[in-house]
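What TrEMBL records for this protein:
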TRANSMEM  29-53  transmembrane segment
DOMAIN    32-470  domain 'Major facilitator superfamily (MFS) profile'
TRANSMEM  73-96  transmembrane segment
TRANSMEM  103-122  transmembrane segment
TRANSMEM  128-149  transmembrane segment
TRANSMEM  161-182  transmembrane segment
TRANSMEM  194-214  transmembrane segment
TRANSMEM  332-357  transmembrane segment
TRANSMEM  377-404  transmembrane segment
TRANSMEM  416-436  transmembrane segment
TRANSMEM  448-466  transmembrane segment
Amino acid sequence: MSSRIERIFSGPALKANLAIDNLPKIYNVYFIASISTIAGMMFGFDISSMSAFVGQSHYDNYFFKGGIVDSDIQGLITASMSLGSIFGSIGASFVSEPFGRRLSLIICSFFWVVGAAIQSSAQNKTQLILGRIISGLGVGFGSSVAPVYGSELAPRKIRGLIGGLFQFFVTLGILIMFYISFGLGKINGVAGFRIAWGIQIIPGLCLLLGCFIIPESPRWLAKQDRWEDAEYIVARIQAKGNREDPDVLIEISEIKDQLMMEQAAKNIGYATLFRKKYLPRTLTAIFAQIWQQLTGKTGSANLVASSIQYVLNTVCTIPALYCLDKIGRRPLLMGGAIMMMIWQFGLAGILGSYSIPWPDSGNESVTIQIPSNQTPAANGAIACCYLFVCSFAFTWGVGIWVYCSEIWGDNRISQRGNSLSTCANWCLNFAIAMYTPTGFKNISWRTYIIYGVMCLCMFIHVLFGFPETRGKRLEEIGQMWEEKVPAWRSSSWQPKIPLATDAELARKMSVEHKEEGGLMDDSASSEKA
């Protein structure tokens, strides 16, 4: 199916890409990442776009007869964005290969803008759900494509920083949309939520316009046999246009070596991800996204002030961008799992010892409270919640998006693999949004014990199953998987035979490729000159 789609759309996609290529471009890697990760901001807008309005009389009366909210329907409204994202993340893999990363982000922005417009003008629950599903398609596209695009463009020394910007923009989007919704929630009538949901169009338009001034992924261009363009972009990003720079020559050579190894596997579908060669990295990526959802971040969020936790979430993401490349992925993920486990068990212990039933809390996910005469216990519970938010933001919040985009190595499975793992994230996101209230209603504070156990399982899995990727080229990561290097030895692993060690050899290979006629016509390259 995927190969048929590529054959049908490869011609129009090539024409569209060439048309965009003729426009002026900005090659600063931080600017490029900031544009592409607006997709993360859209993700964040979604998370907090409903919270300020659910439970308010003007929202309840407009969408529910007599203002009597059906909790199941409201759960579906909230989770419908995740439902659309599931299909968007899978669809991205079929679109990203024939269309390219950049056109896929344009499609992402289109879905988001259309969905936001439908939400803003929604006349009933059905239209609201439809709008959120369509916006979810855009979020699914963006959360699948943007991390891969960043990892394929970024120099390896700052790949963690560039990849982590996606999660930073997620947290920034949450924070911005929360305060927008909080302020507009003071307006009596439907104008409040209509304006708030309409404002969501702005980041979509910014992403749409920004995609016209950023370059395509050089690795995707290489797969299309557009080596001149790929080399030009790598040189502009890493060496201010110097194609003779050793890092540029080596990277181009490594891309070529990797693509030659993958030449025999032209028709790669999702079944390929579960073959013996790729199964370990497929399961690692899927479980990484599953574990992120099972940390209990939703449960802790129900107990504390949203404004404070959103600020902490954004602020604590910033140092993580630096530490990912300085400390490494494994130490952050293992340390984060242990810290979150401590806070979840601590919260369960406090609530189990001091809480009393709270049947009329107004939030079906909050069924208990700590009496006013137990101030130290209440402060302890609040501290555990905020410390959990900080621990999550600093480690698993940002680390997983970086890790899952780079562990595949540079080959044809990267987009499909990342789409599959992102789909797993959205499936869990949807399930948690639907069934977390039921869990708290039935087992109350014991839910936090389950979250604590999940964090312990995460630690064990990372210790024995997550290889270190810091400082390694994408091609080296693929080689590490093929050599079956134990995860706990991966930090010090070096390839026995480097993929490229001689810059002159890289130049020779590039020249040979040009002589074989593997380049596009000179029109694109002459435009760049």
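Placed from the backbone N, Cα and C atoms, the Cβ positions cover glycine too.
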Given 29-53, 73-96, 103-122, 194-214, 377-404, the one sharing the most C-beta pairs under 8 Å with the transmembrane segment (128-149) is 73-96
Spatial neighbours of the transmembrane segment (194-214) not adjacent in sequence (6+ beyond its ends, CB under 8 Å) are 20, 23-26, 31-32, 35-36, 38-39, 41-42, 45, 49, 52-53, 102-103, 105-106, 108-110, 112-113, 116-117, 119-122, 131, 135, 138, 142, 173, 177, 180-181, 184-185, 187
Are the transmembrane segment (448-466) and the transmembrane segment (103-122) close enough to be called in contact, which here means at least 3 C-beta pairs under 8 A that are separated by 6 or more residues?
no
In the same chain, residues at least 6 away from the ends of the transmembrane segment (161-182) whose Cβ sits under 8 Å of its Cβ atoms read 29-30, 33-34, 37-49, 51-53, 143, 146-147, 150-151, 153-154, 193, 196, 199-200, 203, 306-307, 310-311, 313-314, 317-318, 320-322, 324-325, 393, 397-399, 401-402, 405-406
In the same chain, residues at least 6 away from the ends of the transmembrane segment (103-122) whose Cβ sits under 8 Å of its Cβ atoms read 13, 16-17, 20, 36, 39, 42, 84, 88, 92, 95-96, 128, 130-139, 141-142, 145-146, 149, 194-195, 197-198, 200-201, 203-205, 207-208, 211
Taken over the domain 'Major facilitator superfamily (MFS) profile' (32-470), the predicted model's pLDDT averages 88
